[in-house]
């Protein structure tokens with residue numbers, strides 16, 4: 001990325017002529033720039049004393065036209081920049097290519113923008129971050145309390161350059177290591193015995209378009225996942241967790257408020273003794289019991305509790321809740337059975353002397369119950385029937401809370417999946433690759 | 001806190017609507033897990049007539 005010089009004379013203007021095609025190239029940093037790439041004939045030349053051609057770039061697959069034109073002014077992180085140069089680089093030994101923009105800030109000097117598959121990084125050195133001295137080793141680094149993991153190492157090659165430079169980019173032989181902690185990336189560059197650190201911050205194409213007042217559609221479309229890209233889900237995750245917790249708290253308070261703010265829950269409570277139906281003597285049926293009327297202030301959910309002192313026996317209780325005006329009915333059948341005994345030195349019991357049923361969405365009205373018990377005993381115990389109006393449906397609360405919690409949990413797995421996909425582009429993935 | 005909530009503003013809106021629906025469902029006495037009502041005929045619109053006491 002080259003050394004960073006003080007640009008005291010930025011703002012002075014001048015031009016140089018390409019030694020190959022004689023095109024006039026406007027120079028932004030006339031005092032410092034020594035190498036130039038001609039955007040017309042793609043010749044790279046040096047202008048120390050006289051212009052000297054160094055190389056002519058020949059592009060086959062890449063466009064030499066930068067997405068952000070040279071000379072464009074923009075503002076990133078509060079700093080004003082002008083685009084001074086454009087480069088296309090590739091990794092030595094393979095075909096991965098990316099584009100770099102050399103930016104100049106009048107006060108701080110050079111910074112860079114890199115773009116790979118529509119993923120942008122704003123890169124600065126010690127001229128912007130004085131304390132940029134990460135600690136670590138070949139595989140991890142730590143800076144500002146953040147852990148960075150090695151993502152990639154390579155040797156960049158310049159395959160195209162236009163604009164101006166204060167160093168000869170063709171002489172660079174850099175060994176580069178990239179460590180990520182999204183949205184940041186630490187870049188370690190080593191050339192001979194000199195090494196330096198740079199800090200890259202991921203930028204979306206929206207941010208770049210806004211920074212340079214460009215139309216987003218003119219910038220390269222995003223493909224895949226950027227090395228230090230933060231998923232939109234991860235950006236939202238803190239908010240999602242907080243909103244979810246607030247929502248669960250709201251639901252809890254709503255149910256507590258509903259439970260204690262409405263009238264008494266018991267709307268019917270009576271005990272009945274079933275009488276054998278003489279018309280069907282010998283069968284298991286008893287006379288139908290019809291209860292007194294009771295009012296329901298709905299719509300609401302009713303809990304019907306049935307209790308009988310059955311002892312080593314059973315009682316089947318079909319119950320029908322009937323709305324007296326319309327004849328609308330709701331029915332259910334429950335069995336009360338309780339058995340116990342002593343066997344092999346141990347007491348045992350199974351079943352219960354009580355059971356309950358739930359009827360939901362019961363409208364306002366006057367109701368009664370019809371009960372048609374049956375059992376194989378001649379004189380069964382009495383049945384106590386209690387109807388409770390449920391002011392608060394707690395099962396709804398628990399189910400809704402479970403669903404709500406599932407959202408951030410699902411988000412967590414999606415973020416994890418995103419991270420796994422990111423590391424699939426790296427040879428140093430912390431995930432086990434099958 | 002506010003910044004975090006802003007980032008998830010669509011979720012916030014969706015959840016607010018869902019909570020509104022939830023409150024309505026509870027006010028109607030609807031139980032998500034269903035109930036013990038077995039009168040299938042009534043659910044299809046048919047009501048059995050009962051003799052009143």
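Any Cβ shown, glycine's included, is placed from N, Cα and C.
When TrEMBL is compared with the stretches A:372-392, A:393-413, the one noted as transmembrane segment is A:393-413. Looking at A:239-257, A:258-276, A:277-295, A:296-314, the range annotated in TrEMBL as transmembrane segment turns out to be A:239-257. Across the domain 'DUF4178' (A:70-202), the DSSP tally of helix, strand and coil residues reads 3 helix, 89 strand, 41 coil.
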